[in-house]
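One structure is given here, and the rest of the page talks about it.
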Amino acid sequence: MSLDFGSVALPVQNEDEEYDEEDYEREKELQQLLTDLPHDMLDDDLSSPELQYSDCSEDGTDGQPHHPEQLEMSWNEQMLPKSQSVNGYNEIQSLYAGEKCGNVWEENRSKTEDRHPVYHPEEGGDEGGSGYSPPSKCEQTDLYHLPENFRPYTNGQKQEFNNQATNVIKFSDPQWNHFQGPSCQGLEPYNKVTYKPYQSSAQNNGSPAQEITGSDTFEGLQQQFLGANENSAENMQIIQLQVLNKAKERQLENLIEKLNESERQIRYLNHQLVIIKDEKDGLTLSLRESQKLFQNGKEREIQLEAQIKALETQIQALKVNEEQMIKKSRTTEMALESLKQQLVDLHHSESLQRAREQHESIVMGLTKKYEEQVLSLQKNLDATVTALKEQEDICSRLKDHVKQLERNQEAIKLEKTEIINKLTRSLEESQKQCAHLLQSGSVQEVAQLQFQLQQAQKAHAMSANMNKALQEELTELKDEISLYESAAKLGIHPSDSEGELNIELTESYVDLGIKKVNWKKSKVTSIVQEEDPNEELSKDEFILKLKAEVQRLLGSNSMKRHLVSQLQNDLKDCHKKIEDLHQVKKDEKSIEVETKTDTSEKPKNQLWPESSTSDVVRDDILLLKNEIQVLQQQNQELKETEGKLRNTNQDLCNQMRQMVQDFDHDKQEAVDRCERTYQQHHEAMKTQIRESLLAKHALEKQQLFEAYERTHLQLRSELDKLNKEVTAVQECYLEVCREKDNLELTLRKTTEKEQQTQEKIKEKLIQQLEKEWQSKLDQTIKAMKKKTLDCGSQTDQVTTSDVISKKEMAIMIEEQKCTIQQNLEQEKDIAIKGAMKKLEIELELKHCENITKQVEIAVQNAHQRWLGELPELAEYQALVKAEQKKWEEQHEVSVNKRISFAVSEAKEKWKSELENMRKNILPGKELEEKIHSLQKELELKNEEVPVVIRAELAKARSEWNKEKQEEIHRIQEQNEQDYRQFLDDHRNKINEVLAAAKEDFMKQKTELLLQKETELQTCLDQSRREWTMQEAKRIQLEIYQYEEDILTVLGVLLSDTQKEHISDSEDKQLLEIMSTCSSKWMSVQYFEKLKGCIQKAFQDTLPLLVENADPEWKKRNMAELSKDSASQGTGQGDPGPAAGHHAQPLALQATEAEADKKKVLEIKDLCCGHCFQELEKAKQECQDLKGKLEKCCRHLQHLERKHKAVVEKIGEENNKVVEELIEENNDMKNKLEELQTLCKTPPRSLSAGAIENACLPCSGGALEELRGQYIKAVKKIKCDMLRYIQESKERAAEMVKAEVLRERQETARKMRKYYLICLQQILQDDGKEGAEKKIMNAASKLATMAKLLETPISSKSQSKTTQSALPLTSEMLIAVKKSKRNDVNQKIPCCIESKSNSVNTITRTLCEQAPKRRAACNLQRLLENSEHQSIKHVGSKETHLEFQFGDGSCKHLNSLPRNVSPEFVPCEGEGGFGLHKKKDLLSDNGSESLPHSAAYPFLGTLGNKPSPRCTPGPSESGCMHITFRDSNERLGLKVYKCNPLMESENAASEKSQGLDVQEPPVKDGGDLSDCLGWPSSSATLSFDSREASFVHGRPQGTLEIPSESVKSKQFSPSGYLSDTEESNMICQTMKCQRYQTPYLSEETTYLEPGKISVNCGHPSRHKADRLKSDFKKLSSTLPSSVCQQPSRKLIVPLSSQQDSGFDSPFVNLD
């Protein structure tokens, strides 16, 4: 490490200050020490690159994370420090300054500073004689960045620079503060080095603002400084410091590395801790769930146990009841038999017959008597009824008479009221006449007063109008005054001659409340200039005029004010007059009243002059008074008559009341008698009916009871059966619970074992780390000791502090580790305790809930039992009967009481009424007579009443009987309803219990089914994983082999191209390659083609170089080249060498080749180097992926073993349980059969005990039977479920097959139409040209196509017929093609696979070809560059591409991209795409251009840019295989599908069948001749012919467009494009495909998504996202007819790849 103090000179110090002798001596000693040092050491120090670096300051490094790569880069770059802001010293600088400067400098600083401009290590120091003066304060440098976790090493010294506050070091980093403990302070005196610098004249001259920029100047200055001041004390000091710094540097670096390592380890441990915590959380969750399940199970157990106990008690009770009932039934049977015998005996006896006859005769006599009595009673009743009617008639007559009397009285009252009303009216009239007479006397005076009033009112109106006018004038005047005041403010006032007017004006202002204004003193505030602003005289005139007008206005104003004051005075006068008139009016009214009174009292009045009128009035008044007196007398008489009438009326009313009361009393007595008789009869009938009803009821009760008992017994038997079922279910549930518990235990054990192993591993790791740290620390301590001893020998100071500090460091590190471990343990403990507490609390709560539930259930059960047992108890029945009797007795007593109470009340009423009657008897004789007559009638009626009452009683009895019967019926119905309700409730309860039991059973069933399904699923998943792992391994191996083979081939070819190749060496190379290549796909043809391609690439670079060197020559030859190209375009079918690069003539190449050989070689080296680098990278990636895959495989295998073991255990346990249950069931069945044989013939004389003993084992046997049935049912369900799963899978497979077939048929129809149209178009085009051969070929193909397309799914027999039906022309075609395969090796494998193989081969070939594409990429780039140069000259319009079937000539397609050579036209193979070699050259520029260019928008944008690098993207065709030939042959790209091993194919087919991936072909084909004319998806073909043509005879002109659109991405510079650009390009290509893909063959429609989606073996990882997006876009743009099938089959690999879990086999394949 070097000291870097910047580039600013030291501050000049004062020379006047004193110099100390001691300092001088110390300085001399240091100089001697430094001179003694060897020169070699100095040279080494200076020459070492480390010294020329400066550390970055704290400010620079803090908060910047730096990588070690950046550090290394910055250390290797030798740059100058930049002068930056002075913020204090850097970390390391300050450290070494603090270590080496010592405290002597601190003590003697004040002395030395005064005399010498010395270099203080705190302020600055030169760097090993570098020749530039460092700054006084530290400057930041951006040379290099230390890592974030870099910590400087300070030996624990405190640095206190008292004189310079800016030089105090403050370590801001918190991590560094850990290392500075309190022990550091005591180590100050260990390392104090005194240094006395020597004064040099050269240093004083250093300018403070000097800055050096450049490494050359830096070195020059260094050399100068060394040469000038070799012997100076300063130089020696700096060298010494540098030596020490180097040592410290190394120590620091070691420590930093250790720190970094420790931090990494800590991070790793933290990461592990987090993982462990997550695992712990997961386990706690699972524990909780399992506990919950366990508790639920326990609760269920408890509930079921309670139910079992309840049912057992019920069973026992029922057994007891059964025994009792059997005893009772026996006794009843005996009694019945005895009664029957008695009845028979009685029937035979004669005495009984006699008794019966006697009884019958007695009954007849009684009935006759009863009938006679009834008849007599009816007669009496009729007589009483007639008497009553007569009395009612009399009463009605009396009522009518009373009503007439009331009417008469009302008429009299009305007459009286009319008379009174007439009298009142006459009185009022007379009073009015008197008033009129009084008023007529003062009429004249009133008239006069009214006249005066009218005048006064008029005057008032006039004055009001005047007031209004005055007020309006006032408002106007006020406005004018405001105007005048404003004028006065402007300085306008009247002249002195009119002073009087002014005085008046001011007074009037004061009156109106306007303030006085001093007109003379007021200043003019505004000057108006309107007329002529230039003339001064006009202003004065204007002012004078204004003043005159104002004076006139003021005068008029004063006049108006005078008028206003006058009018106000007039108004006041008017008001006074009005008030006077009002007073006069009041006086007159009072006088009138007085006169009226005087006239009434006095005969004459002085006021009124006419006396005759007053006399007349008086006479009238007297007459009226007399009339009033007469009327009053009449009124009194009428009142007296009214009083009399009222009295008579009251008497009549009283009499009537008495009559009514008497009648009511008599009526009541008769009713009472009737009631008594009725009651007696009612009671007698009641007793009779009650007895009969009770007898009936008892019979019905017995019948019902028997029926209920039967139903009860049936229900009990059903309940028993159900209970048995429940018990069986419970036992099964218990077994399941036990299995679950066992599983949980095993899981826990495994988890505990894993935890233990993890803990052990952790402990081992920690121990290892501690040992490593300890060893490293020991080594560092030893090294540091040695270094410090060396340093001490130079400076005579033993720096023991270094060692101490290292020990401290080690201690600190250990302490940190301990603290971290303790913290971790504490956190773990806390977490565990918290979890335990939570669990305990939850368990307690659940336990409490369980207990409460159990208690509630027990209480409910007990209550139900008690309720059930109550009605069966004999005591309960006896109590019920006793209570019934009591109730009946109480009811009878209460009824009797009520009757007696009613009778007594009636008697009392009657007595009271009698007394009232006696009191109110009138003395009238008439009334007495009437009463007597009535009494007589009553007596007569009383005699008749009993007969009537009897008849009524009979009616009442019949009615009462009916009512009672109805009541009885109602009661019976109610009883029946209650019983039905009880039965319904009972049934509902039973149904509920049954439903609950069924639900439990179904739940358990579903749980079991779910468990089995999960187990099956896990097994399936495991098998899938195994298969995927194996596939991945196989694919990886194949990829690796292909990569190695391609690398070897390329290496050999590239090494060969640099030398001049000889024919002999070619054969050797071929042999070497064939021997080295492990894979069988290598062939002579492939090797030749590769070689040809490389040669062509190197040849094509020459014209590029020529063009760059000589542009003028290029311009001259442009015309010639275009002519040549045109001439070549006209000649069809010419297979000359111009096809290689038609833009350059061969002669020119020959001349230029020698000159440009060197350039070519350089380009070769560059290209090859790039290729090799890429291949190496790919290899490394492959190896990494392999390692990861192996790890994943191991992990998977381990998991599989575990799972298998667990599943096997579970299966074994289940089987054991089932077998045990079956054995038990068989045993129980045997026992049951034995018992049944015993119980088949039970004797009649068996006792109750024997029956009981027989019943118990029967119930047990039934239970066991139920249990066996349940186990069988469970087994059956399992089998059914497995069968159902298999059937559903088969159904799904069939559905898939059916859909595939349907879709294929649809696509076949569409393809057929499309091909027919295309062929018709080709025929038409060929007709224009007039080529008869082509027409014949096309016609023959049309016929074959039509035949084949009519039968898309044909059997082998059909294919044979089609084969025979092929026309001669197609056979001729094949023969021609075969004849052209001269030089090609026929041993290339052509894989004709089975149906199931078709999908698998596609995916595999895709994976296999990925490295091939990468290897061939750079060659293709060179080809593109060369072709780009040749295409430049051709216009945008290019001719339509056509394929000639016979001779293979074709035209260029307009939709080709510009940077692709016209020689490589993409054609469609059977399984992928290849590039077709064009035979023809370009035709005229003016030839018609097709509108296909719109289909390639992104290719058009690329233009003339040659692609610098072409890396195959994920959407490129996966089955490309590029082959090259010699330069003589036509260059073409062929498509191969070579699978070397048929065994692997078979294996793959098996696997594909296992995965249900089936793709039946449209047409079966075994032979090439069979497959002609139809696109076969089952057979994949390899092109062997040199001619690039379609083996299947498709019209190529139309099919090239989609193939081009898919393939064109190979020619785009995808390596340098961003993701967004690529996605845009893909979108555009997909737009093109939308219109063209439906017409592609079936093979291509299935392949294109495959090319995009299946990319397992591709090593580049950054392409995965692009792959997904491309696939989505492709699937969205393709039409439904094409997309449906591939999407179904090819989305599966994508989803599997996306799985990034630890267990997944596709961990990092992307």
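Glycine is treated like the rest: Cβ placed from N, Cα and C.
Note on THR1241, THR1637: Swiss-Prot annotates phosphothreonine at THR1241; no matching annotation appears for the rest, which is not proof of its absence. In Swiss-Prot, the annotation region 'Disordered' applies to 39-79, one of the ranges 39-79, 736-776. Check Swiss-Prot against the ranges 1-27, 271-297, 325-351, 1189-1215 and you find region 'Disordered' recorded for 1-27. Looking at the stretches 615-664, 1115-1164, 1515-1564, the one that Swiss-Prot records under the feature coiled coil is 615-664.
If you look at the coiled coil (615-664) against the coiled coil (902-993), you find at least three C-beta pairs under 8 angstroms, all six or more positions apart, and that counts as contact. Between the coiled coil (902-993) and the stretches 234-490, 700-772, 1170-1241, it is 234-490 that has the most C-beta pairs under 8 angstroms. Model confidence over the coiled coil (1170-1241) is summarised by a mean pLDDT of 82.
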